[in-house]
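Below is one structure, written out as structure tokens; comments come after it.
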Amino acid sequence: YGRIPAAPAVRRLLREHELTLDEVPGTGKQGRVLKDDVQRYLDAGGKA
Amino acid sequence: MADKFDVIVIGAGPGGYVAAIRAAQLGLKTACVEKWIGKEEKKVVHGGTCLNVGCIPSKALLEASHKFVEAKHDFDDMGIQAGDVTMDVKKMMARKDKIVKNLTGGISGLFKANGVTAIDGTGKVTGAKQVEVTDLDGKATTYEADNIVIAAGSVPVEIPPTPMTEGLIVDSTGALEFEDVPKRLGVIGAGVIGLELGSVWSRLGSDVTVLEAMDSFLPMVDGAIAKETQKLLKKQGLDIQLGARVTGSEVKGKEVVVKYTDAKGEQELTFDRLIVCVGRKPYTKGVVADGVSVELDERGFIHVDDQCRTSVPSVFAIGDCVRGPMLAHKASEEGIMVADIIAGHKAEMNYDAIPSVIYTFPEVAWVGLTEEDAKAKGIEVKTGSFPFAASGRAMANNATEGQAKIIADAETDRVLGMHIVGQHAGEMIAQGVIALEFGSSAEDLALTCYAHPTMSEAVHEAALAVEGHAIHMANRKKRK
């Protein structure tokens, strides 16, 4: 059933930066990508 | 040539006015064109169908009529002696009109506060970046805009067997304006609108018959929930006839005779008033001038992609005049998405998590897949249900009818759908919407602390029941 299991704000942040969920390491429950994770990834210049 | 705008929105309903406010908030020079003339003063009002003749007025009447029924039939159980309770229909209507006036005026105020230019008149797209507005006096002015958003909405479908007849055969708008309670009321269409309007007048004393052409009741609703809803509405006195196809009608003085066929053959019923609510159709006629290549589909909807872009890149279309459920909140979310896109963001909206609500009593609300949808898609699911009859709060509220049901993916436990029939179902379904948006599992809901005593605990128990671990009822399933 369609969508990636990430919160709406995470999906939006990924979209705005043309990233996919696979690129960002997640620290949430069962490896879920959190908004913090995306922010940290972006702050590090797009490196995991 | 008049002013030039970044965005011109045609229509100030829930799609259009929200798009206009959002666009203005994002710094775009925005205008919103509206032609709707208010009921009392002969001037343009904002808010569209939802505020003027839809969501808001129908809810005002549903609430008033429900309180009347409670006072008449349920107060006694609680020890309240209210005596002979009566309803002043004119006063009920005046209250509704006042709410409508407040809210429509509120939108005009929000336009001013956000710097949206309100243009009164009928808008027409005459070029990829050009809108012609014909004002109330018939004078046409052309405006330039880098982006155009069509939010022209929808109108009730009329059917040939029952032509509108002033004060006798009416559409949903007319049914919100009755000045007295019709003794015998016919409703054509057992959809959301038909059930809500039928409920209002049935509660006030009308003898209501609902004629529905389809054989199944609320086919878009989860089977178990639809079945229980049908039973509850029948118990309230709504005579819902399925598989009844209306073939003709005859106005005889102050009565209307409706002819229809059902499984038993040709039938005839006489009503004092008839409401036709078989559906709504997109209002797109004349909104786009010939020669502008905005494509319509065969049903009259404006053709758009997932981002609500039409076949002309600078023209967007949202709400009831495009594909998708005809719901106010769907239109508004599309409005926000489109304004964001115009402002340069990569916006997207989630069409999988749009809730639906029927404001009968009890309310019916749902989001996501039904058990039948999942089966049709070949998804293996597990389900959990909890009846309000086992809820302490429901008992205290005198609202023990209904149930909450959760559909989860059998493999991943992800919540795929939530379905509720019960008091405040429309409020409770927000939990299901959030669960779907966050991709949460049934276990996530089961591990969440719910306030006691609340109606929402039924959702918690339904989530627990997915694994056969509901606390407050005997579980049918084998526990793991």
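Cβ coordinates come from backbone N, Cα and C, glycine included.
A quick note: this is a predicted structure, and the numbers were derived from the prediction, not measured.
A disulfide bond in TrEMBL ties B:C55 to one cysteine from B:C32, B:C50, and that cysteine is B:C50.
From the candidate list B:E177, B:E212, B:E266, B:E268, the residue TrEMBL records in the NAD(+) site shared with B:G189, B:A190, B:G191, B:V192, B:I193, B:G194, B:L195, B:E196, B:G279 is B:E212. Comparing the recorded positions B:K59, B:H329, B:H452 on other C-beta atoms within 10 angstroms of each C-beta gives the minimum for B:H452. Taking the centroid of the Cβ atoms of B:G189, B:A190, B:G191, B:V192, B:I193, B:G194, B:L195, B:E196, B:E212, B:G279 as the NAD(+) site, the other same-chain residues with Cβ within 8 Å of it are B:V187, B:L197, B:G198, B:V210, B:C277, B:V278. The shortest Cα-Cα distance between B:K59 (FAD binding site) and any of the recorded positions B:C50, B:G189, B:G191, B:E212, B:H452 is the one to B:C50. Sequence-distant neighbours of B:E212 (NAD(+) binding site): residues of the same chain at least 6 apart with a C-beta under 8 Å from its C-beta are B:G189, B:A190, B:G194, B:I240, B:Q241, B:L242, B:G243, B:A244. Residue annotation for FAD gives B:K59, B:G123, B:D320, B:M326, B:L327, B:A328, B:H329. The furthest Cα pair among them is separated by 30 Å. Max Cα-Cα distance over the annotated NAD(+) binders (B:G189, B:A190, B:G191, B:V192, B:I193, B:G194, B:L195, B:E196, B:E212, B:G279) is 14 Å. The Cβ neighbour count for B:D320 (FAD binding site), using a 10 Å radius over every protein chain in view, is 29. Nearest Cα neighbour of B:H329 (FAD binding site) among the listed recorded positions (B:G191, B:I193, B:L195, B:H452): B:I193.
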